[in-house]
Every structure is written in C-alpha cells, then in structure tokens.
C-alpha cells in the first residue's frame, strides 16, 4: 500500500517539483496550500507571496498538471497567533523577530503535521532545501546540495517526531536543476521568481505594517548616543533594527548605526560601527538535532543571520538550558530576537534565540 504524503504547496517552483518528485517516487501525494492570509485587502490582493490568492491558483494549476488532488486548508488563526502576533510583540519589545522560523516551528511542522496525522496521512513534505537522514536511530538534518539556497538555518527547531514524518525531496538538488525539472514537465512556474519578502507584509515595511495596526502603540521617541545625549527624534522603535544605518531620517556628518533599542525608555541608541562588533552572545530556547542535550563545550560553526557564512565558535551550556556562544572573530550586529544556528561541517547541530 502506498504511503500518503501531504505536500505544502506555495505555488512556487520548489514545492511544485517536490510534489512531482514524491509522486514519481511512488507516494500517494495530496497537495495543500495553507490559507494563512488575514481579512486584509493588501494581503489578499498581493501578487506572488508564498500563500497569497495568486499562489493558490498557481498551486492548483500545478496539482492538476501532475495529477494529484489539491485542497486549501485554513490555518489563519494559528498563523495570526503564532507568527503575526509574535512578530508585532517582538518589535514592540525592541527585538527583531524571524517570522519564517516561527512559521516553520508552529505552522508548517506543527499545525500542518497535526492535520496530516489526524487524516491518517504518513508524512508531510515541503520544498525546503535541506536533507533529512536517519543515523543510528536518530534523524539528522544536513545542508542541501545547493549552498546558496540551503534553508537549514530556518529548520533548527524541528523535533525527532517531526523529522520522522517529514520529507524534503528538493534538498538533493541544486535550484537550477529544480527549475529544469519544472520546465521539462511543463510547469508554468518553472521561471517564477523566488519569494523573498515577509509573506504577510507586501512591501517589506514592517514599521508601517505595525503602525497601521497599532497606531496608539507606536510613538515617536529620542535617538540618543551611548551616554544618553539626545541626537534627534525617531518615528517609533518598531521601524529600527540593530545594525541599521539607512532610513534614520537624520544626518550626522558621519555614518551612525543603531546599536541598541530601549523599549522601556522608547529610545533608539546610535553609535559607530565599532559598537556593533562583539564576540559573545547568550541564546535561549535551544533545540538540538543530533542529540537531546549538550553537557560540555563544543566547537561549532555558527551564524547569526540567514545569509551569513558560518563562523567558528564555541558553544557552552549554561543555566536554564541556555548557551553561551563565543566566536573566534568579532561578529557584526548581533541582534536580540534573531536566531543563532550551529553546524559541524554540513551537519545542523541546532540553534536558539539570541537573548543578549
């Protein structure tokens, strides 16, 4: 009897080819687009986002082409609660969230997987560029064949339960090959542009998005230097993130960067590039993939943002399940709320949220 797999289809080329590859491998494939858009004109009408209405049409067209059933499933409430509300709250607290990591943790590999299990379906699948393997009774995640498209940074939260029930067929290929396969089988999405923006913010202007929804919470405040001297007026702390130089709306005669955000005083602290450089951070909410807990310091390569090349570091377990990360070289703009992710060569060790 064929194993069943529920494929999350965003209307893009990766998830479309993932569905095709799994069908070719002999699975009984069911395509699903997760309805996460809110009752919001700009979100609904937005073209090209990973879960917009136009994406549903693309996904349905692909499903028809490759001959699999297709459904739209409603995850609006879970998405609002776990992704949008978290996103807004983090910015209001002066931190910089990563909504894609939250979506993977709470929606794609939790709510979506729960739905599949309830339907008696064996697996869920996505178009992520990562490789899941089983080694000595434990599931691991390795970097994909395509270094440039590798998405393991956003997958460090996956549990053994989730990995056992997840398929990622695109991880074995380079993006160029995925597009080639899509073209060969006649999928119109073969040359569809990759989605790079936050799916629920059409223009990627998170400050404007939050201000529109909570106009009373976003207040002007002071730009200050490290000594607390007032340098000017900012639009609201939600508009800024650590390391930001452009868009400050004020000229200083030299480059100035956001080096800290104080939500309690509603202040944005500005400083020099040197103020952004650091070798140490503390991370919380740690999840490990190849093992359950870390008892001793470990040499790893770590990165503090998605597009960064990993840097050598030592991770040391400390109290409350947190870790101290000491980099061999200074890192620029270590940002509270973002994730730090650990590797050993191409093996994903785990990661957590940067606390300080």
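Each Cβ is built from the backbone N, Cα and C atoms, and glycine gets one as well.
When secondary structure is read from DSSP and collapsed to three states, residue 199 (active site, cysteine persulfide intermediate) falls in the coil class. Positions annotated as active site, cysteine persulfide intermediate by Swiss-Prot: 199.
What Swiss-Prot records for 8, 9, 10, 11, 12, 13, 14, 15, 34, 127 is ATP binding site, and it gives sequence analysis as the kind of evidence.
Per Swiss-Prot, disulfide bond is recorded for 103-199.
According to Swiss-Prot, the feature site 'Interaction with tRNA' maps to 128 (among others). The Cβ of residue 128 (site 'Interaction with tRNA') lies under 8 Å from the Cβ of 14, 151, 154, 155, 168, 170, 171, each of these being in the same chain and 6 or more residues away along the sequence.
DSSP gives residue 338 (site 'Interaction with tRNA') a coil state; it is part of no helix or strand. Feature annotation from Swiss-Prot assigns site 'Interaction with tRNA' to 338 (among others); the stated evidence is sequence analysis.
Secondary structure at residue 128 (site 'Interaction with tRNA'), as computed by DSSP, is coil. The two recorded residues, residue 12 (ATP binding site) and residue 338 (site 'Interaction with tRNA'), have Cα atoms 26 Å apart. Largest CA to CA distance in the ATP binding set (8, 9, 10, 11, 12, 13, 14, 15, 34, 127): 16 Å, whole number. Just so you know, of the binding-site residues 8, 12, the Cβ with the fewest other Cβ atoms around it within 10 Å is the one at 12. For the pair residue 8 (ATP binding site) and residue 199 (active site, cysteine persulfide intermediate), the Cα-Cα distance reads 15 Å. Cβ neighbours within 10 Å of residue 14 (ATP binding site), excluding its own Cβ and spanning all shown chains: 26. Taking each of the recorded positions 34, 103, 199 in turn and counting other Cβ atoms within 10 Å of its Cβ gives the largest count for 103.
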